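Under the heading ATP binding site, TrEMBL lists LYS7, TYR8, GLY9, GLY10, LYS212, VAL213. The annotation substrate binding site is assigned in TrEMBL to THR52, GLU77. Per TrEMBL, the feature domain 'Aspartate/glutamate/uridylate kinase' maps to 2-233. Residues or ranges marked as domain 'CASTOR ACT' in TrEMBL: 336-398.
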Amino acid sequence: MNTIIQKYGGTSVATKESRKQVVAKIVEKHNENYNVVVVVSAIGRKGNPYSTDSLIDLINKNFISSRELDMILSCGEIISAVVLANALSEEGYKSIVYTGYQAGIKTTKNFGKAEIIKIEPDKINNSLNKGYIVIVAGFQGATEDGEITTLGRGGSDITAIALGKALNSKLVEIYSDVDGIMTADPNIVPDARSLESMGYSEVYQLAEDGAKVIHPKAVELAQKYNIPIKIKNTFSNKQGTTIESTETLILNGKKDFKNEKIITAITYKKGRVQVIIRIDEESDDTEKLMEQLTFHNISIDLINFFIDKKVFTINEEDLNIVEKILVKGDYNYELIKNCCKLSAIGYKMQGVPGVMGRIVKSLSRENIRILQTSDSHSTIWCLIKEKDTNKALTALHKEFKLYE
Ligand code: ASP
Ligand code: MG
């Protein structure tokens, strides 16, 4: 019998009504004779009493160890799993709930951002063989010696893909309250539309650059083990977005290479700060600066180094510490705050002339200044001011005809 993994996000399990929709989706697959393994997130979002954010708000973070913090955080998903099992049972379906620990999910010891090392799925397999629907609490596991760990915010997606691999599943479905992966944030660009298919690398970049569709690590894992993913809406019967390798999608006729657009989707990340450091060639101590940033665990991005100046961006949360380093090292620096990193992603852009030209043209038409750019084989990044974000997204969406 084929095994399918279905992961439901917080809004999908938030109310009695929404859980009814979830039950319907689970039962549909169960009745098609699939082994169904369900992974759940904690119930609701900030404000809901059992959401991850609400659990965090229950405690004073200055007076708790990361070990105990993980214990309380893991409870959100456990509650959600039991509540869903209850809803299934009301409809006459038998299910069994496992915490990450009980499901055999073994992780490293770093509380709060543990990595899954292996999964021992014997219990899950036994339950599936007995005809149970299995519900696993997402976002958690345990160390070899039974210490409860969590996988980092959004980590239930990782649980789902890792279980997909361990159970040799042919498909992992990720359910939320949107129709799939969108060409742009629909709250900003009203004519954004959902995409039928997308390659792993494109989705990874989109997730990494701010689109909250799926955890980037989950995509990475799926790509590594070639596990197909579907991003679907709990509240509609739309097809959703299929994620596989671009090559597979083309070979299976799910992607029409010739007619694909040069840009597939656009996204953005606010809260960036541009750092410009002017360097005296005689006493260039960039190496020392890099050492300091590494020592303080500061990740830098959009890195452009020239002989007489070094330019990069940081997260605004790291601003205080970076400024301290710059002052202490007596650097001649400038900080441009409230920046936004725009990303235009498209696997077909490699070697195609004129893409950057179109981006520059459409942004300058809107009087948007580009502070910095960078590119890879499938992405062009532009740093702009935060205030220009909506205008810029709308302009790029239109320029590359992502609406059609
Ligand atoms: N509940 C966790 C979070 O809010 C994990 C997840 O939803 O994936 O980060
Ligand atoms: Mg999520």
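Placed from the backbone N, Cα and C atoms, the Cβ positions cover glycine too.
Features per TrEMBL, on structure.
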residue	record	Cβ contacts under 8 Å, 6 or more apart
LYS7	ATP binding site	VAL38, VAL39, VAL40, SER41, GLY138, SER156, ASP157, THR159, ALA160, VAL172, GLU173, ILE174, TYR175
TYR8	ATP binding site	VAL22, VAL38, VAL39, VAL40, SER41, LEU84, TYR175, THR234
GLY9	ATP binding site	SER41, SER156, ILE174, TYR175, SER176, ASP177
GLY10	ATP binding site	SER41, ALA42, ILE43, GLY44, ARG45, ASN48, SER51, THR52, SER80
GLU77	substrate binding site	VAL40, SER41, ALA42, GLY100, ALA137, GLY138, PHE139, GLN140, SER156
LYS212	ATP binding site	GLY154
VAL213	ATP binding site	VAL178, ILE181, VAL203, LEU206, ALA207, ILE231
Please check the binding-site residues LYS7, TYR8, THR52, LYS212, VAL213 against ligand 1 and give me the ones with CB under 6 A, sequence order.
THR52
Including all protein chains displayed, how many Cβ atoms other than that of THR52 (substrate binding site) lie within 10 Å of its Cβ?
27
Could you check which of the binding-site residues LYS7, TYR8, GLY9 have their CB within less than 6 A of ligand 2?
GLY9
Tell me whether THR52 (substrate binding site) sits in a helix, a strand or coil according to DSSP.
helix
ATP binding residues LYS7, TYR8, GLY9, GLY10, LYS212, VAL213: largest Cα-Cα distance, in Å and rounded to whole number:
15
Could you break down the residues of the domain 'CASTOR ACT' (336-398) into DSSP helix, strand and coil, giving a count for each?
24 helix, 21 strand, 18 coil
According to DSSP, folded down to helix, strand and coil, what is GLY9 (ATP binding site)?
coil
Residues within 8 Å of the LYS7, TYR8, GLY9, GLY10, LYS212, VAL213 Cβ centre (excluding the ATP site residues themselves)
THR11, SER12, SER41, GLY154, SER156, ASP157, ILE174, TYR175, SER176, ILE214
